[in-house]
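Worksheet for the structure shown next.
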Amino acid sequence: MAFETFSVALDKDKTLIFETGKIARQASGAVLVKMNETWVFSSACAASLSEAVGFLPFRVDYQEKFSSAGRTSGGFLKREGRPSEREILVSRLIDRSLRPSFPNRLMQDIQVLSYVWSYDGKTLPDPLAICGASAALAISEVPQNCIIAGVRVGLVGGKWVINPTRDELSASKLDLVMAGTASAVLMIEGHCDFLTEEQVLEAIAFGQTYIAKICDAIEAWQKAIGKQKNFSAVLDMPEDVQNVVSDFIREKFEKALSFRDKEALEQASKELEESVIANLVQEENSDFSLLNVKAAFKTAKSNQMRALIQDLGIRVDGRTTTEIRPISIETPLLPRTHGSCLFTRGETQSMAVCTLGGENMAQRFEDLNGDGAARFYLQYFFPPFSVGEVGRIGSPGRREIGHGKLAEKALSHVLPETSRFPYIIRLESNITESNGSSSMASVCGGCLALMDAGVPIKAPVAGIAMGLILDRDQAIILSDISGIEDHLGDMDFKVAGTAKGITAFQMDIKIEGITHKIMEQALAQAKQGRSHILNLMTQVLASPKGTVSKYAPRIETMQINTSKIATVIGPGGKQIRQIIERSGAQVDINDDGVINIAASTQESINKAKELIEGLTGEVEVGKVYNGRVTSIATFGVFVEVLPGKEGLCHISELSKQKVDNISDFVKEGDKLAVKLLSINEKGQLKLSHKATLED
């Protein structure tokens, strides 16, 4: 393919440039996207499956090369390897944006790889990666139903900003990443400072205009240079197979839907599927293959569940479309933790635990912008027993990382300022039961665990997951969706916030986009559900506890002049190590001169403060100090009046009477009250014990 390029101007100094035909020419699709000096490369390749499967094997891997910012990793291994949390989150963004664009029953193994090759420290690469991956797929042989594009939207100084720079985003009240087609939204994810539903909708509408512009340009490029799409890899569903399977299960599945609990429904559904396979799969007839029959069974189940909701307004567990499952809350739960809560909503349960600590407990990370440390972080755990299964235990999967980060963002906006609450805060959400909306249960349980731990949050936060049944030109929004509604429905729209406004949201859909009107309805219904949950939460715990747990460390801060930081640290860290050893406290010094002191007892904190004040304090002429004799000479004694500051008390200044032998008067290590008489031009201190006797 010859070198081809096009560009899309979004705003001043924000022009997307797409290039292909120069790099990675053997890939099915390869595109380099540039904006200023941030360049992101994306490739798309597909392989035929040796055996048909009942799902789409689609994999996205996004990687930020340290070399793109002129850096290498600070770790021992300098080669990029295991993806960072941020790389996993961006990979998920790309995956969730692109997945709805593929035809149903596409039997290809598809891989999209995205690399940040150049990063200018200003232009953020994730929306470029979404657009680049979409463009690479668009010009490849991989079949798609639609072209997609992605953008980021910020709210800076009351104005919407498209693809905000890093500096703009730091000042923004909104961080929204969204993807869609030229006419509809496919994916949104973001967090914000208590924006209203109307403001979020306005932001989405603003971003959609730019998405449409990019989609139109990619589509024109596809028509001009794109490869022929391989739609032969898309399996058709024979109409008679779907009809036979639907007729076979109609009455049986209607009976299964009468079961109101997850376990009974799943068991009945499993037995029914086994019966369908045993009775309808025909080895001699490829139309009635195992793959086709299983796919038809899933479609028939979905259609029957939808019909129940559309015709009767009743869901599989007997609820109405706006009804929220029963909620129970127990806090505190665990006796020795700093804060805990057991939050149960229907058959979804989160045991949330809050742990408070000093600076050494901060979550360290490294990315293209350098090293950093998170003051607050939430870790989500999803063990296999939560769904009654046997599975692997180990490092977290992409789903766990994504769910944890969403809940973390939802709660981060209500945390107090560090100056008011200097603790590092770790939240963990242990999912002990799951039947849908576990990430939103993590928000609710996590909020209550924070309050139980005495974290003075600005307001309680609750979360709810909304679903959608879209058929016959009728859109039905479901509040607090269960697992089967997530699996068989058209949308999973999670919204978290306070009574005042929204703090985080995430939407994934399985159809080719939804309209502004549907999102408006979903957000309005989510607000009602959120208010209901917040009311139940505040009935149990109306406000944060006034003090932290007796088992939590005590933390105090003090401010020193930045010129004294080196004095406190000492050569090779000698002084600060001595402070830690002598006080038993953990001491952390920030570049701005703020010192955090953490210890299990107040005595340790006081001792550390005393030692630091001694190092940083200035001696005053005329002031009396209770010093320590550090050495003895024939002409006098040297006395340390403050840590690191000592002076000479001449033999004539030791007593009103004549002192013949200093060793008979004082010993090394003795405490000796001395008065500072003067400081000479060399900074040497002249001390007198005799003057204290006169006083």
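Residue positions begin at 1 at the first shown residue.
Here the Cβ of each residue, glycine as well, is placed from N, Cα and C on the backbone.
What Swiss-Prot annotates here:
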- D486, D492: Mg(2+) binding site (BINDING)
- 553-612: domain 'KH' (DOMAIN)
- 622-690: domain 'S1 motif' (DOMAIN)
**OP:** With DSSP as the yardstick, break the domain 'KH' (553-612) down into helix, strand and coil residue counts.
**Re:** 32 helix, 16 strand, 12 coil
Original post:
Which value does the mean pLDDT take for the domain 'S1 motif' (622-690) in this predicted structure?
Top reply: 91
Original post:
What are the DSSP helix, strand and coil residue counts for the domain 'S1 motif' (622-690)?
Top reply: 8 helix, 36 strand, 25 coil
**OP:** Among the binding-site residues listed here (D486, D492), identify the one with the smallest other-Cβ count within 10 Å.
**Re:** D486
